[in-house]
Amino acid sequence: MAGPSWGLPRLDGFILTERLGSGTYATVYKAYAKKDTREVVAIKCVAKKSLNKASVENLLTEIEILKGIRHPHIVQLKDFQWDNDNIYLIMEFCAGGDLSRFIHTRRILPEKVARVFMQQLASALQFLHERNISHLDLKPQNILLSSLEKPHLKLADFGFAQHMSPWDEKHVLRGSPLYMAPEMVCRRQYDARVDLWSVGVILYEALFGQPPFASRSFSELEEKIRSNRVIELPLRPQLSLDCRDLLQRLLERDPARRISFKDFFAHPWVDLEHMPSGESLAQARALVVEAVKKDQEGDAAAALSLYCKALDFFVPALHYEVDAQRKEAIKAKVGQYVSRAEELKAIVSSSNQALLRQGTTVQELLREMARDKPRLLAALEVASAALAKEEEAGKEQDALDLYQHSLGELLVLLAAEAPGRRRELLHTEVQNLMARAEYLKEQIKIRESHWEAESLDKEGLSESVRSSCTLQ
């Protein structure tokens, strides 16, 4: 099948051209298939004489796992061969090198770039998690990039991977110390959650330029691993609250308090729901159908919300689409929906102002009639504070919290209020505040729609989309 030669190994059907890298027991080469396609592949060449029992087990595990899975963000094992001297794993070639080199040549990655990579890594890990597979050696060196131009992440090197249910525990030390979860070193007892710690270390390194336990010596590294100190995040560069929240929850030393796989995959910063895929366009169109229906029914607020949710899927649909003509058609549709969203925004804003005026009048009358009710006056003061907070830019969540606190009190008071004019006004006030709270919830949903602003800028739609889905 193959035989040794000077310099590069020989393998039937392939021409090996250059060494890409080497590890503990394997060397990886770039190669071309001799077929007409001249397909470029990476060949992992493992010298049999270098294998001990543990490395044979690792190699067999890697082959077993990789031959049974296909995922756009996991390196594909195309075939494997062997001869008297070597075992050859013929794999998908990734021209962009590894994530470690990508990070260090740029020193740090912008949050928006790190987020795209994290979304892709999360997608691969979700696929593995559904099959009870744990990687156990996640690190930037084991994450490859499809190319340097618009790179896609590819998870590689499954030599330490294991079939593990979430409740399985292992006691064998595996992985690289800088990226290894503390429980692997301190307790020699661990489960699948160690992969989540490693994800946190990778994200930390991408954003801050080095892993949290970067050390000058192994003894210093061991001290940091065994310490009980909380992992502190640098203040610079400035990161979004969602990003910092995810990092802190991933880098929780106690696995029982670490973010779960379910919560990781559902985390708003990861946002797997809006990852570019073949389904993005269909999801966007389905939401547009609902938006048009609500629009025709005269429910402007619901229609606006649905149009904005649809646009959240049109963005990844544009990313996913490679055909220039179809891409232009999508952009044209997006332009139409943005225009309608602008019109709906004006309608909703007008209704909002009318609701505010009505609420102020009722509250003034009710305040006059509540001079002998300190608890009622206090609840109305909280409602007034909510109205004031709502006028401040970006304070919707604070205003909503105040509205909910006020409503909690007012509903109790309403139930105990005797029939009469004050009860009627109190009932009206509760209805107004509930409407305000519901409106704010919708506002927050819209604001939390994760527009990839930089992507939209490339499409020339950023400002119009953002302004259309932001109510004043």
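Using the three backbone atoms N, Cα and C, a Cβ is placed for every residue, glycine included.
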ATP binding, same site as LEU20, GLY21, SER22, GLY23, THR24, TYR25, ALA26, THR27, VAL28 - Swiss-Prot member from LYS44, LYS48, LYS49: LYS44
Helix, strand and coil residues within the domain 'MIT 1' (280-348) as assigned by DSSP: 63 helix, 0 strand, 6 coil
Those recorded positions of LEU20, SER22, THR24, ALA26, VAL28, ASP137 having Cα within 10 angstroms of SER176 (phosphoserine): ASP137
Surrounding CB atoms that lie within 10 Å of the CB of SER176 (phosphoserine), all protein chains: 15
Non-site residues, in chain order, whose CB comes within 8 A of the mean position of the CB atoms of LEU20, GLY21, SER22, GLY23, THR24, TYR25, ALA26, THR27, VAL28, LYS44 at ATP: CYS45, VAL46
Residue, out of the recorded positions SER22, SER384, whose Cβ gathers the largest set of other Cβ atoms within 10 Å: SER384
Residue pair SER384 (phosphoserine), ASP137 (active site, proton acceptor) - Cα distance, angstrom, rounded: 55
